[in-house]
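Some features that Swiss-Prot has for this protein:
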DOMAIN    51-290  domain 'Radical SAM core'
BINDING   C70, C74, C77  [4Fe-4S] cluster binding site
Amino acid sequence: MTLDLHELKTLLDDVSEGHRLTVDEAENLFKVRDRSSFFITAAADALREKRCGNAITWVKNQNINCSNVCVNSCGFCGYSCKPGDSKAFELTPELVGEKAALAASRGVTEICTVSGLHPAYDLNSYLSIYQAIRENAPGVHIHASNPMEVAYAARKTGCSTREVLEAFRDAGVGTLCGTAAEILVDEIRDVICPEKISTDDWVRIIKESHNAGIRSTATIMYGHCESVTDQVRHLSILRDIQDETHGFTEFVPLSFIHPGTPLYRKGMARPGATGREDMLMIAISRLFLDNFTNIQVSWVKLGLKMVQIGLMSGANDIGGTLYEESISSSAGAKAGEYLDPADMRYISEDLGRTLVERRTDYSPVH
């Protein structure tokens, strides 16, 4: 169904007054293609202001990628290598500790670590990584791993995913990365990441994580071979989980970076999302995910100019400094590995909004 202008404005007014968007209504919003898109972004930004105020938040964090060696071969990934590849690397716990110590010296409040599914990794491998971080960066929040890594550690160790999560928690993991979600539609997963866990397993592990006291982020990767219907199914799954667990700290839309990926080179994906699609993904996420407070716009994926558009389209968070970033850059992203808070302040002040440093749980640092 194509919404005429009157129908669009009426729907947006209803949402601003508390109406929960249906799946069909969200699909219709995603299909808006002309300047009426700006009515959607304006409504989303007004809702952002009502829900979050005018602060733009950011976190001083450092990314540590422990290895790019991976048993999987996801079509959207330009980062992973097989054992013996010339670009393959693996950090020992000692090297992870050195990076963690450097991060601590920079004053970060969060260290984020993810890894390829290394064939030699088991639960103890992950625990040794967390121990190295904890010992070398005491007091720094550990934001680590994702449901795929949890499932992998469980399989390699012969224990349950719940036991893995409890071990992660006891080792100091504060929050789980909500990545490996991609698109939570198995027909699409079978194309882009057939070796990854199913939608049901991802949902189950995320719920187990939340129930174990480990909150997580939530993500979507869009702009490849999925449809608008698939996108909204994904958002609906996340909204249902949040209704049940209240365990998501934020939602992070991740725009597909195409140039260096097998999926694109084989003609199985389009060349990423358009600017309109990026803008509407942020805006409609704000309108549809009425039980999420925080919507993050990814500078790594979009670059600073599009980030600023996202901050006018419903987003309230700009992510982190990172210092190191390998996964998106390997796929062809050009935004770099580090975002200076001075640049964050520049675009925030240009919007007449205040930049506020936060912790992982969104409490202010100062």
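All positions are counted from 1 along the displayed chain.
Cβ atoms are placed via backbone N, Cα and C, with glycine included.
What you see is a predicted model, and the numbers here were worked out from it, not measured in a lab.
Non-local neighbourhood of C74 ([4Fe-4S] cluster binding site): S80, I192, C193, E195, K196, each in the same chain, at least six residues away, with C-beta under 8 Å from its C-beta. Within 8 Å of the centroid defined by the CB atoms of C70, C74, C77, the record's [4Fe-4S] cluster site, lie the Cβ atoms of N72, S73, F76, Y79, S80, G116, C193, excluding the listed residues themselves.
Cβ environment of C70 ([4Fe-4S] cluster binding site): C77, S80, C81, K82, G116, L117, H118 lie under 8 Å away, each six or more residues apart in the same chain.
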